[in-house]
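Please see the structure below; I have some questions.
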Amino acid sequence: MASAAALPEAAAVQPQPKKKSNFKYACTCALSASMATVVLGYDVGVMSGASLYIKEDLRLTDVQVEIMMGILSVYALLGSFAGARTSDWIGRRYTVIIAAAIFFAGSLLMGFAVNYVMFMFGRFVCGMGVGFAIMVAPVYTAEVAPASTRGLLTSFTEVFINVGILLGYVSNFAFARLPPHLNWRIMLGIGALPSALLALMVLGMPESPRWLVMKGRLADARVVLEKTSDTPEEAVERLDQIKAAAGIPHDLDGDVVAVPKRKGGNEKQVWKELIFSPTPVMRRILLAALGVHFFQQATGSDSVVLYSPRVFKSAGITGDNHLLGVTCAMGVTKTLFILLATFQIDRVGRRPLLLTSTAGMLVCLIGLGTGLTVVGQHPDEKITWAIGLCIASTLAYVSFFSMGLGPITSVYVSEVFPLRVRALGFALGVACNRVTSAAISMTFLSLSKAITIGGSFFLYAGLAALGWLFFYAFVPETRGQPLEDIGKLFGMKDAAVEDDDDTATKDKQVKAAVEMN
């Protein structure tokens, strides 16, 4: 009898099974949001081939082609700032839906354009949608993901950019045989389909828990955190950290609470804290974020992707089928390596991949510049080794880019800014990225004529060398750190410590005033 009575006791003391990871749910949220960046990738990929036929059909000059290719980045700059403000106002989730709707309209406008002016208006609308998408998708994903898999999940934005580029290349290859007045319209018009699918998928996404906390909706934030954290204890810890970052006292709890106004809490203060009167720590964070974005584009990635058919043609490859076929191979290579990189970001870390990627790109740019220079010096000869060097260097370049500098940019910048300035900080990073992208893509043809196409890639190689030095000096590792603790890597104190310091300073000032009286 005694042994039988002991059985319930033994069962009671048995350890409870560990709760299963919520990785699948967090992954689904990240995938849904990251699909927004497909629109940028598709536009970049499809325009590389469609521009050949648009130029012929609308009878454009090289300058008009350069403007047409690069202007989307300028419009995306406007869209990123509008998206930042919108996402803070109505939430990250609904901002993704707005991005999809805008790009949907822009794709149809471009597909039905009857002249250059109407086409450029379509580019404006698409650019605004792209700006919304590339601003909000990484921010949402970083705010939903637990620290253990944040690098993997946030890198999905770059994965979908590359998927979009590949789809654009495939669209070029599939419709190139249609009449020139029709093929480019179909290539661009079907870009509306991913947008429609995205809008439907986003309806099933939860809102960002950090945005919910900023609005005082603690109960809703707690539900999302419990579904996306690895353990219940981590969900509680994340909620406490987000509350501290938002300025909500630790003991203040409830379904909906009033968020206290604190330094940096309103829009004007956010601009002051980040731009007009930043602390040394905030300047270091902003410098790191803008530097990563700048060198991602300044090293020539857009020139390689947007003008890949022209680059391969300069390398001695002729015929639209061959040109677009090699371009598709480049798209497949980019996509495979970006998928490989997503599973290494949280294992290897951001910094090692960034340095290795940039060093590899530097070597490849030198190889591509050498091959193109040799081919250009012997226009009447077919120099096999130089053509092979150009193809190999291009494929290796996009591989190195996709394993580091490509995906890590959005991952890193979505992590480093404190919660109160994160949306604006990421928008500034996107702005820097798009301005640099526009400068590169809108000057490539003119630059190639001025210093030769080989010389252009030697110039990009010099910028890659500067980028490597910058990353080595100014970009610390963030792997495995909670978002609210990353500021410490740059010398930032905890929000609570800052508040205590402010209080202590005020007490000293009051005491000094009393003593003087």
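One-based numbering along the chain as shown.
Yeah, the Cβs are placed from backbone N, Cα and C, and that goes for glycine too.
The feature domain 'Major facilitator superfamily (MFS) profile' is assigned by TrEMBL to 29-479. TrEMBL lists 25-47, 67-84, 96-114, 120-140, 152-170, 182-205, 323-341, 353-376, 383-403, 457-475 with the feature transmembrane segment.
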Examine the transmembrane segment (353-376) against the transmembrane segment (457-475) and state whether at least 3 Cβ pairs sit under 8 A, considering only residue pairs 6 or more apart.
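In this chain the transmembrane segment (353-376) contacts the transmembrane segment (457-475) - 3 or more Cβ pairs sit under 8 Å.
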Determine which recorded stretch among 25-47, 152-170, 182-205 has the most C-beta pairs below 8 angstroms with the transmembrane segment (67-84).
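Per the Cβ count, the answer is 25-47.
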Same chain, outside the transmembrane segment (120-140) by at least 6, Cβ under 8 Å from its Cβ: which residues?
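For the transmembrane segment (120-140), the nonlocal Cβ contacts are 29, 33-34, 36-37, 39-40, 43, 68, 71-84, 86-87, 92-93, 95-96, 98-111, 113, 154, 157, 195, 208, 410-411, 413-414, 422-423, 426-427, 430, 433-434.
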Between the transmembrane segment (182-205) and the stretches 25-47, 152-170, 323-341, 383-403, work out which stretch tops the count of Cβ pairs under 8 Å.
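Of the candidates 25-47, 152-170, 323-341, 383-403, 25-47 scores highest.
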Taking every residue in the domain 'Major facilitator superfamily (MFS) profile' (29-479), what is their average pLDDT?
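When the pLDDT values over the domain 'Major facilitator superfamily (MFS) profile' (29-479) are averaged, the result is 86.
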